[in-house]
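Everything below concerns the one structure shown next.
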Amino acid sequence: MSSHLPAALIESLAGLPGYNRETFERVHAAAEKITSLRLNPFKLKTQEKAQEVLQALSPAGVGKVPWSGDGYYLPARPSFTFDPFFHAGAYYVQEASSMFVEQAVRATVDVSAPLKVLDLCAAPGGKSTLLQSLISPESILVANEVIKPRAALLADNLTKWGAVNVVVSNNDPRDFSKLSGYFDLMVVDAPCSGSGLFRRDPELVKEWSPESVALCSQRQQRILADVLPALKEGGVVIYSTCSFSQEEDEAILDWLADHFELENIPVTIDEGWKIIPTVTHKRNCTGYRFYPDKLKGEGFFIACFRKRSGESARKFKEQKTALLSAKERGKITPWINAPEDHQYFQHQEDVLILPPLLAAEIPLLQQQLYIRKAGVKAGQLGAKELIPDHQLAASTLVSDDLPAVSLSLPQALQYLRKEDPGVTTDVRGWALIRYGDMNLGWAKFLSNRMNNYYPKELRILKEITGV
Ligand code: SAM
C-alpha cells in the first residue's frame, strides 16, 4: 500500500523529534478514519444526559480522548446530519489532537477569572466552542474569522453551541492592533500547509509543496506580528498548526522568541498520551508534536507563550448603547432564565441579550471590529409580544418554563427539514420544539396547524435514509 506522501515532505521531516519514517508512512497508507467529538457541557449538564447522546450515536460504546474532559472517540462515523442532537448543539465533531488546546489553556491561565479571549483564526469553530466551554460565564470570547462566508459558518456553529458570552467578528488580524493590550488570552490556530491532515484527507496532498510551506511560514509570522500588540502584559498566546513542517512549527517559536517579549511556557503532558515535546535549538522553546502513528489523532503542533512586557489594558472611551426600557424588558424576561443576570439592547430591529462584561465591552469592540454576532439575539419586539429568534431557542439561556413540544426521531427530522411533523398537541402560540429534552427551535401552534420557524438556511437538505 502506498501512502502518496510528497517525497519532499518525507525528506524534510528526517531528524525531527518523534518522527519515524516507517511508521509515519505506514499509518498514512492504512488511512484509518478516526471520528471524535466533544460534548457541550453547558447543554448536557448531567452524566445521564451525556450518556443518552453518546448511546444514540454509538450503541457499541465510545472511547475517551485522554487529554480532553469532554472528548470521545466513536468506533464508526455515524450520519451526524440525521442526529437531532447534533443540530441541538449537544456536541461538536472535532479532530482529537486539537482538543489538546484544553490542556494548553488550563496550564497557562486561571479559567475561573473573568478573561477576555480572542480566537483569531476561528472558523469553523472547533477551538472557539472548546474555549467557550472552558472559560467562566463572566468571561468573553471574540471568535474572529477573516473570510466572510467562513465567518458566517462560525456564527452559525456558535449559535448552535448556545453560548451567550461570545462575539463573532469578521476582521483581518491587523485590525486587532487597535485593541492594544486588550486580551488576556489569544489562540492563533494559523492557516498552514495542512500536512497534519493528509491521512484524513488525501486530496490535500495535491496542494502541498515546499513553496506553500515557505509561504505559510511567512503568513504565520505576519498574522502573529499583526495580532500580538492586542495581547496584554502577562497575557498568553497559544499558537497551533496542523502542519508537520518545522518552518511552520519550531521555526515560528524561535521567530516569536527573537522578535517579541515572550516567555515560552511548557505544558505538563502524561507520557501515556504519546505527545512528543520538541525543544528548539536556537531559543530553547518547547512545543508539542502530535503524530498519527503515535496517538489516536491527526497531525498537530502547539506551543504557549506569555507576554513579558507590553501595554496593559488601555482605558478606552466609554460609549453609549441603547438599553431597553423597563416595559420593553418586561416582554423579554419571561423568555429567559435568570433575566437579572443579563443586559438588553436594541440593535436595529432586534433585541440582543448580553452578559455584563460583554455589555460593557461591546461599544468598544463594535467601534474597532466588524461584528457579525454578539451575545444572543432574543428576537423582535412586536406591538404585543416578542417574536423570538432562533438564537434564543438554541441558547443556554432560554427559559425552561416555556411551552414545549417533544418530537419523536422521525418527527424531529421532519421539523429540521422545515416540514410539518404532524404534531397533535393542546399547545397554542409560541413553543420550543424539543428532541430528547434538547431544544431544536421554535414553532407557533395555531388551532389548525403548526408554523415551523426553523431557519431555512439551516434546514437539512439531504434525503433521509434508514429512519
Ligand atoms: N480554529 C479553527 C477550528 O478549530 O475550527 C480552524 C482554523 S483554520 C486552521 C485557519 C483559519 O484561518 C481558516 O478559517 C482560514 O480562513 C483563516 N485564515 C486564512 N488566511 C488568514 C489570514 N491571512 N489571517 C487570518 N486568518 C486567516
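All positions are counted from 1 along the displayed chain.
Any Cβ shown, glycine's included, is placed from N, Cα and C.
S-adenosyl-L-methionine binding, as stated in TrEMBL, involves Cys121, Ala122, Ala123, Pro124, Gly125, Gly126, Lys127, Asp172, Asp189; the candidate among Glu102, Glu145, Glu203, Glu207 given for that site is Glu145. With respect to their backbone Cα atoms, Ala123 (S-adenosyl-L-methionine binding site) and Cys242 (active site, nucleophile) stand 14 Å from each other. Across the fold, the C-alpha of Gly125 (S-adenosyl-L-methionine binding site) and the C-alpha of Cys242 (active site, nucleophile) stand 15 Å from each other. Residue density at Asp172 (S-adenosyl-L-methionine binding site): 12 other Cβ atoms are found within 10 A of its Cβ, drawing on all protein chains shown.
Each residue contributes its Cα atom, and for Lys127 (S-adenosyl-L-methionine binding site) and Cys242 (active site, nucleophile) those atoms are 13 Å apart. Farthest C-alpha pair in the S-adenosyl-L-methionine-binding residues Cys121, Ala122, Ala123, Pro124, Gly125, Gly126, Lys127, Glu145, Asp172, Asp189: 19 Å apart. DSSP assigns Cys242 (active site, nucleophile) to coil in the three-state reduction, outside any helix or strand.
Note: the CA-CA distance between Cys242 (active site, nucleophile) and Asp172 (S-adenosyl-L-methionine binding site) rounds to 21 Å.
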